[in-house]
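Engineer: Before we start, here is the structure in question, set down as structure tokens.
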Amino acid sequence: SCFEGGKDCKNDCQCCGKWSYCKCPIWGLFGCSCVIGDSMVEVRKCQ
């Protein structure tokens, strides 16, 4: 679930951008985050 644009995601990847993929460490126990490309920079902003 996403907050308004530019804000953080809420423990899921519904607001991952077009060039990012979803990463859920420890089986999603602490939620998921969006990762852009190969930089492994976690992006958790709404698009």
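Glycine is treated like the rest: Cβ placed from N, Cα and C.
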Engineer: For CYS32, what is the disulfide-bonded cysteine listed in Swiss-Prot, choosing from CYS24, CYS46?
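Structural biologist: According to the record, the bonded cysteine is CYS24.
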Engineer: Inside 10 Å of the Cβ of CYS32 (disulfide bond), count up the other Cβ atoms and send me the figure.
Structural biologist: 19
Engineer: Across all protein chains in the structure, which of the disulfide-bonded residues CYS24, CYS34 has the highest Cβ count within 10 Å?
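Structural biologist: The largest 10 Å Cβ neighbour count belongs to CYS34.
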Engineer: Express the distance between the Cα positions of CYS34 (disulfide bond) and CYS24 (disulfide bond) as a whole number of Å.
Structural biologist: 9
Engineer: On the three-state reduction of DSSP, what should I expect for CYS34 (disulfide bond)?
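Structural biologist: Assignment for CYS34 (disulfide bond) reads strand.
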